[in-house]
Amino acid sequence: MSVNPSADMDSFRKLLLKANAVVILTGAGVSAESGVPTFRGAGGLWRIYSATDLATPSAFRSNPSLVWEFYHHRRENVASKHPNNAHKAIAEFEHRLTKQGKHVSVITQNIDELHQRAGSVNILELHGSLFKTRCLKCKKVESNYDSPICEALKGKGSASPTEGGENIPELLLPRCKVSSCGGLLRPYVVWFHENLDPIILKKAEKDLNSCDLCLVVGTSSIVYPAAMFAPQVAARGVPVAEFNMETTSATPNFEFHFSGPCGELLPIALAP
């Protein structure tokens with residue numbers, strides 16, 4: 001454990017040059033610089049609800065119309081945003097090292113697909129994606145970039161506390177397009193009280209166990225199990241570098257901490 005992590009960029013970059021397998025863990029702080037509201041911040045409040053009240057299986061069971069309005073609002077909001085310099089630096093770094101025969105894995109808690117839009121390829125989405133759906137009936141998972149996702153949600157989902165929901169009939173909410181199914185769709189995101197996809201988790205653990213350098217970028221390190229990943233990597237003696245606006249409870253575990261906007265730090269840290 002390092003009580004005072006280093007902020008020596010030259011030392012970090014020397015380690016980066018030697019690394020053969022790099023894991024980059026990203027959280028909401030990366031996308032906040034693109035204007036995507038963080039889930040727990042002021043932007044995470046929607047109408048009179050806390051976002052955490054709407055991101056549960058029980059909320060969807062009791063009021064799928066309300067939950068779909070919330071996720072429709074988030075989809076439309078995120079679709080209007082663009083990858084920032086942090087996303088781009090990560091993607092360029094991945095491409096460069098892949099050409100050198102090295103391995104870079106992006107393990108993200110974000111559901112906005114901005115890493116994909118920046119050009120990253122080897123991405124593990126721990127919490128799913130706003131732009132995927134899962135059918136409750138046939139269980140099929142599909143990408144969906146329709147805007148609106150269904151006609152009944154067109155123009156709906158205002159975040160204003162003075163506007164209430166319209167209680168859209170379930171039959172008019174997003175439905176499965178598989179012929180003869182037509183089941184109700186739900187957002188393909190991991191809600192509170194749900195487990196992560198075991199296949200994704202197994203792939204993440206494999207990358208974490210084999211990496212020789214780990215970057216923690218824009219995450220509060222309080223959402224489990226992702227909050228355990230970097231400290232576990234550090235515990236086996238692998239250098240971990242944290243890039244964040246502020247220190248976190250996990251910071252003392254790491255060899256490096258760089259304080260500031262990820263969009264300013266990463267283009268310097270990951271430059272050729």
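Backbone N, Cα and C atoms are what each Cβ position is placed from, and that goes for glycine too.
Taken straight from TrEMBL:
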ACT_SITE  His127  active site, proton acceptor
BINDING   27-46, 109-112, 218-220, 244-246, Cys262  NAD(+) binding site
BINDING   Tyr71, Arg74  substrate binding site
BINDING   Cys135, Cys138, Cys176, Cys181  Zn(2+) binding site
DOMAIN    2-272  domain 'Deacetylase sirtuin-type'
Chain-internal residues, separated by at least six, CB under 8 A from Cys138 (Zn(2+) binding site): Cys176, Val178, Cys181, Gly183
Output field, Zn(2+) shell: CB within 8 Å of site CB centroid, site Cys135, Cys138, Cys176, Cys181 dropped: Leu136, Lys137, Lys139, Lys140, Lys177, Val178, Gly182, Gly183, Leu185
Spatially closest candidate among Tyr71, Arg74, His127, Cys135, the listed recorded positions, to Gly218 (NAD(+) binding site) (Cα to Cα): His127
Spatially closest candidate among Tyr71, Arg74, His127, Cys135, the listed recorded positions, to Gln109 (NAD(+) binding site) (Cα to Cα): His127
Cα-nearest neighbour of Gly27 (NAD(+) binding site) within the listed recorded positions, Tyr71, Arg74, His127, Cys135: His127
Cα distance (Å, whole number) from Cys135 (Zn(2+) binding site) to Met245 (NAD(+) binding site): 38
Rounded to the nearest Å - Cα separation of His127 (active site, proton acceptor) and Phe39 (NAD(+) binding site): 13
Among Gly35, Gly218, the one of these binding-site residues whose Cβ has the fewest neighbouring Cβ atoms within 10 Å: Gly35
Of Phe39, Tyr71 (the binding-site residues), the residue whose Cβ has the fewest other Cβ atoms within 10 Å: Phe39
Cα-Cα distance linking Ser31 (NAD(+) binding site) and Cys135 (Zn(2+) binding site), given in Å to the nearest integer: 28
Alpha-carbon spacing, Ser31 (NAD(+) binding site) to Tyr71 (substrate binding site), which is rounded to whole Å: 17
C-beta crowding around Arg74 (substrate binding site), within 10 angstroms: 23
